[in-house]
Amino acid sequence: MMRACWLSSSSSVVSGSARNSCTHFRRHRRHCRVQLNARCVRASNAMSDRFFKNDLPDYDVSNPVDRFPSSQDFSVAAIAKKDEIVEATWSRQRGLSRDLTLYTGVVGTAFLCFKSFERTGNKNDLLKCLEILNSSNADVTRHLKPYVTFLCGRAGNYALGAIASKYTGDTTNMLKYLELLKQMVEEISSIGNSGMPDELLYGRTGFLWACLFVNEHLGDESITWSSLRPIVNAVLTSGRAGARHHANCPLMYEWYNTKYWGAAHGLAGIMHVLMHFPLTKEDANDVKGTLHYMIANRFPSGNYPTAEGHEDDTLVHWCHGAPGILLTLCKAAEVFSSDAIFKQAAIDAGEVIWKRGLLKRIGICHGVSGNAYTFLALYRLTHDPIHLHRARAFSSFLYENARHLVASGRMHSGDHPSSLFEGRGGLACLWFDIGKPEDSRFPAYEL
Ligand SMILES: [Zn+2]
């Protein structure tokens, strides 16, 4: 467990919420192990257990009838879901949440309130977001000390706090949060090239994403590129060292002795974050080469291995498999626009998700909501109406069926049913976004 607490100066003090945070860490590792252990099951059985057969009508160009709920229907449902989640995770707990992360905890509720504010303009949601962040801030600083990322660490509270404060006009509060993030920049830069993982949930890129999110809302140099450059360089140096024995792949990373490929712990998440930075030609070529390697070594189905050397074509999740990689490929298609392979590979991944992505879970990490988001990304990239149709089809499937499928035990509501990444929080985000596809963004991944 303590291997997670790489900032060793603070890891000796682990109590209360910090223990809970480590429990969260263990839970996520267990989740990954459970997912990977599915390899032990015969692939056909594992697959049929994981997703519903997709009988939803596909887009018919000769008869493009839209039978889905309206944007207004989705918006009303999203607001109701958001209110339920605020009640369950904040109001009913009288502000004493034990899980302080964005991934499964109360900062995820704050993120959902911010999404609601963005889509509806309701200032009360912005104020609720900030109330949650301000009330949690001291506990986050104290108990999440060893954890640095947006999704599972301090940076989630600090980055969202700076942004929400900006929109309320509270400059003093905004600068307080910004200063906390800048202190983290120095702290992480000082660690150098070793001693910290690089992946998105617990590593360097998970912190860099928080800085990108802040710059997106507060202005490009709110956290300067030059101050972040040492951290970006550390990620690249680490990847080159990890790729020493991989002749055809310029960058490779390990998380707990496994070379993951997916968005949560592996190459897709790391490459995605790197592509948002102004890279040198050599750095950009290494990112591009790594993505080429992944495309060249995908399964014949169009899906992607969970990790280097893993042969099971089973998982079709944001965290592991085609969905997270599709989002990264869409970004690559934008950054490396002269290279047509990325757009085509993203479209190929979309076919896998349409066939095998109607998962028996609702969340965005490893559920239908996350997979619906991939079609929105494809739609923004290609403007082909088939992808918007598919996003609406998955969203409507959840709108019409999730409640009774969960009640009857045929669908899992998530280990943390009110959370942003495993539960209905991500579903609410999807329903907020489905009416504005051009503005849609996979939470805490797309900028
Ligand atoms: Zn997952």
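Glycine residues also receive a Cβ, built from the backbone N, Cα and C atoms like all the rest.
TrEMBL: automatically predicted annotations, no manual curation.
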Identity of the Zn(2+)-site residue among C319, C330 (reference: C365, H366, source: TrEMBL): C319
Protein Cβ atoms within 10 Å of C365 (Zn(2+) binding site), excluding its own: 28
Count of other CB atoms lying within 10 Å of the CB belonging to H366 (Zn(2+) binding site): 28
